[in-house]
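If you look up TrEMBL, you'll see LYS342 marked as ATP binding site. According to TrEMBL, the domain 'SH3' annotation covers 128-190. Annotation source TrEMBL lists domain 'SH2' at 202-291. Under the heading domain 'Protein kinase', TrEMBL lists 315-562. Under the heading region 'Disordered', TrEMBL lists 1-27, 562-587.
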Amino acid sequence: MPTVSTPNPGACVLGRPPPSPHPRDFSPESGVGVGGWTCDSGPLQPVLHTLSLSPDATFLSPFLPDLLLWAPGFVPDNFCPGCSLLISLLSLPCCLLPNFHFSLSLGLPLMPLWPSPHPSSRPQRRWAPGTQCITKCEHTRPKPGELAFHKGDVVTILEACESKSWYRAKHHASGQEGLLAAGALREREALSADPKLSLMPWFHGKISGQEAVQQLQPPEDGLFLVRESARHPGDYVLCVSFGRDVIHYRVLHRGGRLTIDEAVSFCNLMDMVEHYSKDKGAICTKLVKPKRKQGTKSAEEELAKAGWLLNLQHLTLGARIGEGEFGAVLQGEYLGQKVAVKNIKCDVTAQAFLDETAVMTKMQHKNLVRLLGVILHQGLYIVMEHVSKGNLVNFLRTRGRALVSTPQLLQFSLHVAEGMEYLESKKLVHRDLAARNILISEDLVAKVSDFGLAKAERKGLDSSRLPVKWTAPEALKHGKFSSKSDVWSFGVLLWEVFSYGRAPYPKMSLKEVSEAVEKGYRMEPPEGCPAPIHALMGGCWEAEPARRPPFRKLAEKLARELRSAGASAPVGGQDADSSPLPRSQEP
């Protein structure tokens, strides 16, 4: 990498930090040096530099006859200006500036042409490894060792470099690792589970036609809302401002779909609005601007702001790999990365799942299936990491005792317990914990999936669709769900694991299971199940929820059993290094 020597020891140039030695940090000191900036060798002195721009940045030439560049010990090279102090000097957003090459000719010390950088313009936050960030600009021509990215890409911080302005990170879509500058990043935010968050902010519910006209004032072509029909219960009305009038289009139900003119039909209201926003078809004009219902927030805007809204154009859908209660699960690719996609088309269900998705944005753990983002198109697409070896039930049934050892069973059980321990710490209840909802990754890590039923801990939830054989008695009888009811389900999951995927309560109907459990019946251990594991199941199946152990204790006991089983040897294709970290011993 080329270097620049300056005649003035205090002179500074801006560009890329050299690999070694790392530049010394400088900090603001009021009234010292130029603009109050100093480094450990003394105050910084301004030096005039001439900037030569490559053709793709010549539009800047009228504004940059001379440029004062500041950062000490940096090397000029091809770099993303959005990652440097250049932006603060020019007061321009980095997305306006493409990557460009520049050269410097050094001159005599002069006064700055722009105000010196304010301390707040430099990145202040230090991101810890594992932090997810969003890129604020493009960097498509990286140097060796750097990470290429587009604006809006998601990366995970791996480590901070010695220079505080640089990080090594992993790109979510490409899987590549490399260096990038802190100024190119903003932290990905967790989405607030706000009851005002709406997939359909233009839906006003039960209002009259006259109220709709009042809402769409002053007149503006393409301003619209959707309401429930007062005259025809169950139907909807699309109200569109056009000229001085408001046109009301009745939305009919035909064969389980929605239509205005029967020439084209839609699976839901979101699909209809999306269609007429692109093509006016049989209505007076394209839908241009939604009239938002007072008190609602646009889910699309909030998802985009938080960094969770993905682009439909980058998604390719493949074969169906599962069928959930509320929609299909498809295999797909997003920007070349394999993903699993849940598509929920029903308006009401999609809105409910939006709340659950908001919860998922807050959860990051190695034993939970990772949410990648959301696409709003014909309902809701929830895009998750693809976990290649499928669910735990099929994994065990297709391999059996010959290929899956007891230590491997313990390893899977421990992974699930640790994932559930994390959920428990967040006061979240899964409500459908079973081996079918545990996915196995390529490197044999078990991950808890299917948060479609996960709820913040509360009472009185609908129990009509619950899996009887996995559900705790108090949840079945009284609708009382808690982390303790998840512990009961975990006991059944342990039975599934150590029976190599057999269905629990064999040869018993759901009614028989419910009645027998209520009377105190508990399953016998599967063949070959270690006695301590069956004892663990028994603890999970205590009739009194308060007597069931927390997931932290379950994980500690499983870790101890795993060590006793000799997990230092390779397990199921894993190296010894992949064994769980030691846990505190129980007294």
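Just so you know, the numbers here start at 1 and follow the chain as drawn.
Glycine is treated like the rest: Cβ placed from N, Cα and C.
No curator has checked TrEMBL annotations; they are predicted automatically.
In the predicted structure, the domain 'Protein kinase' (315-562) carries a mean pLDDT of 89. Under DSSP, the residue listed as 'ATP binding site' is assigned to a strand (E or B) in the three-state scheme.
Counting every protein chain shown, the number of other Cβ atoms lying within 10 Å of the Cβ of LYS342 (ATP binding site) is 20. Helix, strand and coil residue tallies for the domain 'SH2' (202-291), in that order: 17 helix, 31 strand, 42 coil [DSSP]. Look at the domain 'SH3' (128-190): DSSP puts its residues at 3 helix, 28 strand, 32 coil.
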